[in-house]
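Asker: As annotated by Swiss-Prot, domain 'KRAB' applies to 13-84, with the evidence given as sequence analysis. Under the heading region 'Disordered', Swiss-Prot lists 71-95, 113-162. According to Swiss-Prot, the compositional bias 'Polar residues' annotation covers 113-123. Residues or ranges marked as compositional bias 'Basic and acidic residues' in Swiss-Prot: 135-160. Under the heading zinc finger, Swiss-Prot lists 203-225, 231-253, 259-281, 287-309, 315-337, 343-365, 371-393, 399-421, 427-449, 455-477, 483-505, 511-533 (among others), citing sequence analysis as support.
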Amino acid sequence: MAMALTDPAQVSVTFDDVAVTFTQEEWGQLDLAQRTLYQEVMLENCGLLVSLGCPVPRPELIYHLEHGQEPWTRKEDLSQGTCPGDKGKPKSTEPTTCELALSEGISFWGQLTQGASGDSQLGQPKDQDGFSEMQGERLRPGLDSQKEKLPGKMSPKHDGLGTADSVCSRIIQDRVSLGDDVHDCDSHGSGKNPVIQEEENIFKCNECEKVFNKKRLLARHERIHSGVKPYECTECGKTFSKSTYLLQHHMVHTGEKPYKCMECGKAFNRKSHLTQHQRIHSGEKPYKCSECGKAFTHRSTFVLHNRSHTGEKPFVCKECGKAFRDRPGFIRHYIIHSGENPYECFECGKVFKHRSYLMWHQQTHTGEKPYECSECGKAFCESAALIHHYVIHTGEKPFECLECGKAFNHRSYLKRHQRIHTGEKPYVCSECGKAFTHCSTFILHKRAHTGEKPFECKECGKAFSNRADLIRHFSIHTGEKPYECMECGKAFNRRSGLTRHQRIHSGEKPYECIECGKTFCWSTNLIRHSIIHTGEKPYECSECGKAFSRSSSLTQHQRMHTGRNPISVTDVGRPFTSGQTSVNIQELLLGKNFLNVTTEENLLQEEASYMASDRTYQRETPQVSSL
């Protein structure tokens, strides 16, 4: 090493060697966050050179970065002039300012080593191929000198690559290790830009056949396929494929948030995050869908939305083959196979597969509902629920069923509806084998086996297996009946009660028996009717073993064993309850006046005389439960 330092034939590493370059096509493939990160890193490199006392030029790249412009130049501009500041000047054989700046001014790593060793000679001897082995070694002290400033380290299996250094040192190391030549801005008419090096060599990825013009770019790209992540965080052990990702990640541990919003004071650890946040204040939505015209604030949301039109689902589960549009959805799904429940509630000990589920659950303990609807003031525990609710006000229903044309405001509702047409019942109970179309119904059914009733009324302590029953029950205490019929003014405490009632006025009978075609107003009537076709008799008399299709028929039959009269003398003059036998509609129509009965014996005679007619009308006429 000492011999290398005293060799008079030396070469300095130029700024072009530590600069990441993009073609116009490559630049177009970067999103806004990646472009912003690129600008920040390159300007940070320049600032580092200045802080070390190194002369830094202001070529076209730096000028574009400082002004937020794209860091590529048109070929027409390159063929006319050359370096910035030379416009209008005749060609000369003398080196230009740009040439001197690039070839002589930036000897960053040479000067960095000089400052550490005190040696006045810079650079390394250059062999016929452009680099010697000693030159690679010559850069090592410069890399090692940055070691203390970095938050991470190299994974042991990648020790040969050196330490996880700053962005500058990493770029230089890539170039030296991969054998790229050092380029200087050495001519005006060559048509080569110091930013875009149009090299004859083309490097192709064997996995995906993507083409790169530099070997280091290919090597960095190949990490995607190989999964190599040489940069490891010393705090949590997480690994990254690039040193820049490690630097960004380290701010999670330090809590550093240097980028502050001037509008609301919110701080961020990345400038790209601040830029995205500022669009909330400005209302800017630069990403517009060409299919439906919908605009988005963030590119990632825009890309995800586009997949709803194309149907693309790039994330496929290796276990079951199910595909997903986005990575978070895939990760959430994969936990189903692993059976892992890593998130535990400290209040009740309940465990969850996802952090979002835990946070949502914890709000049941705190009662916090931070997301409020600006239209109606209704509050929600999570933002997704608010977004889900807000569609009610807009009336938008973009998801239409191709089978029947019915439209829905959420994709999940459409998928759930389509199971009616397909007959799919993916949720099967392991206890009794019963299958269900919807997950919510399946969970509710399982509580019938376990006896779990997690929803408790604070007024009376009564518990329920589902939230809907608790809400319906609570209206008993409040007496509230917000749903009023516009036809007759009758009020109900449930929307479903109003809907069922309105069918009396409209005559609608949406429930049809597939066996005989008979229609009914309510689903309960259809279920009760279906037993006629199936012959099912689930209600059995414990005395004689006789079975009945309805509980009311069993109750009526059991009076034959008990000898209890349908109406006793003491019952006359007060309303009937659900536990008592109701007065038959046939008897009311025939004008039988039970209020004139004076003895219990007379009632028994009345019952015997109408026993036959009761059986005739029992199947066709409903019974009045109260008068």
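In case you wondered, yes, glycine gets a Cβ from its N, Cα and C as well.
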Asker: Taking DSSP states H, G and I as helix and E and B as strand, how many residues of the zinc finger (399-421) are helix, strand and coil?
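Answerer: Its residues divide into 11 helix, 4 strand, 8 coil.
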Asker: Could you pull out which residues elsewhere in the chain have a CB under 8 Å from any CB of the zinc finger (371-393), counting only those six or more residues past its ends?
Answerer: 356, 359-360, 363-364, 409-410
Asker: With Cβ distances under 8 Å as the criterion, find the stretch in 259-281, 287-309, 399-421, 455-477, 511-533 that has the most pairs with the zinc finger (315-337).
Answerer: 287-309
Asker: Check the zinc finger (371-393) for me and report the mean pLDDT.
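Answerer: Overall, the zinc finger (371-393) comes to a mean pLDDT of 84.
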Asker: Which bits of the chain, at least 6 residues beyond where the zinc finger (259-281) starts or stops, bring a Cβ under 8 A of a Cβ in it?
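Answerer: Tertiary neighbours of the zinc finger (259-281) are 32-33, 36-37, 40, 248, 251-252, 297-298.
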